[in-house]
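One structure is given below, encoded as structure tokens.
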């Protein structure tokens, strides 16, 4: 009996010793400092006090030889493919997009990478991480890592990492171990404060310049943990391993029944926020179109129905001549007015007939040399002058009237003029004031205000508003009843509402993410209103070199396949974020790079997504355009128009 007891005791001692040796081996692969209680408490305090939310970083995290070996394995054994969507451009490993999907029985190619994965998800390290971040217990069975390399032009736009059961996000950096990664290279991790929950500020308040063997991490905070990866600006590659720690799973220490389900149910991903109306109150400019007057709409209806000459009992015997003709052809006065801006070939009967045919066939138009030579040359001159002589503001607080900054930045960021009162959204109070005092667009008022500012500041280069004034004149032209009649002629659709924005997308800064069109709730009860939005984009970008797409800035329309996207969302949890726009090209309907003097017209229904791709730091100028949207009704008694 004693002998058997001694054998059992000896076996326990051997197992305990083996576990202890294994634990020592794991700890030995990390920097010894992280196991020191004083270091842990100091790091915990740093994280608690950090801004804009709780985050931390550790230099020289793991054994240097191990990480160098991992880097060598990745560079020699893994093939990377460039992937691009509306939110990112990055090089991902084709066979190792998610390390948890690897067949770990075959370790011959990547033994050191496997070892790194083991220690990062070891109980010892998870307990350390859970302690310093105050995240509690973390799952060791639900591993979630991906390998990315950021080369010149690569970027990842603002998001909060809220997907599924993620509890902590981390990035382990592996750039060249023998050279310092400098701030001007780009590729930094930038953290954004929040004006309100789910409404990040336009500008980051913290930036980490990554170095070899450095880890950055933060607790995933729905509505607050917004961050991005700055575009890499030089011909160097910034290798990194992105990963997440998840809520404990069934059978693991710290597992709480129903915790994960409640977390997923109560916390909305960035993508879901963009698609829903949850952000609607906090979006500026709002996707709202102002309803046109009865006076305007009646002319378009008469023209499209072909009853311009019809008389009613209320028709005066001596009818007055209207400034706006109801004829299906342009009057001499209308032709003269439109000729101030539009090229003559697009105003002739033959030119209009050609455009009408194209729109009927495609539900879209692309018109080159839309503006006449005089207006085109004037606009190019003042826009180039603006680019060359005036420094463009890159911080939202520095953006002055008449420009505003689009928010929130996990949906869009660009400069715009909307004909409304000047706003600069820095605080919750700024947003609430705008919501409480909503005004209608008045570009003439904006123009008058600019002249007052210009006169008060003098005619210096820094206060030259020639570009703004010329663009506002263009917006006034597009708002005119005669231009909308021309639009109705081209499309056989009757405009009933409108929105016009002058936009500037700055290099290294601006974009819009893919969204569906929103219909005007006030018009839903009208059965003649088409379930689509007519969108026009007059692109006025003065620089060249956009055709390849490498500089971004292109406007892209693509099909939104719900079933494909459900599968995409399911499969893509390994990516740093999840967004609909794929890079296969199969669903792309229209891809228009920035150009000079091109007018694109698209009838878009809710099955079509649209975005303007992030403009690269390498672009020679901003992307400039005038964006127009109209709700439209059909005057065809046989039925509605077909949408693209």
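Heads up, residue numbers simply count up from 1 along the chain you see.
Glycine residues also receive a Cβ, built from the backbone N, Cα and C atoms like all the rest.
Owing to the predicted nature of the structure, the values given are computational and were not obtained by experimental measurement.
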Revision key, fill the gap. Among 184, 201, 227, the candidate listed by Swiss-Prot alongside 159, 161 for Fe cation is 227
Review point. Among the residues 169, 607, 616, which does Swiss-Prot list with the feature phosphoserine?
Key: 607
**Study point:** Alpha-carbon distance [residue 173 (2-oxoglutarate binding site); residue 161 (Fe cation binding site)] in Å
**Key:** 18
Exercise for review: Quick one: pull the CA-CA distance for residue 607 (phosphoserine) versus residue 159 (Fe cation binding site), whole Å only.
Suggested key: 24
Check your understanding: Looking only at 159, 227, 238, the binding-site residues on record, which one has the least crowded Cβ, with the fewest other Cβ atoms within 10 Å?
Key -> 238
Review point. In sequence order, which residues at least six apart in the same chain have a CB under 8 Å from the CB of residue 173 (2-oxoglutarate binding site)?
Key: 181, 210, 211, 212, 213, 214, 215, 216, 238, 239, 240
Check your understanding: Here are some recorded positions: 161, 607. Which one has the most Cβ atoms within 10 Å of its Cβ?
Key -> 161
Point to revise | Helix, strand and coil totals (DSSP H, G, I; E, B; other) for the domain 'Fe2OG dioxygenase' (141-247) | key: 3 helix, 50 strand, 54 coil
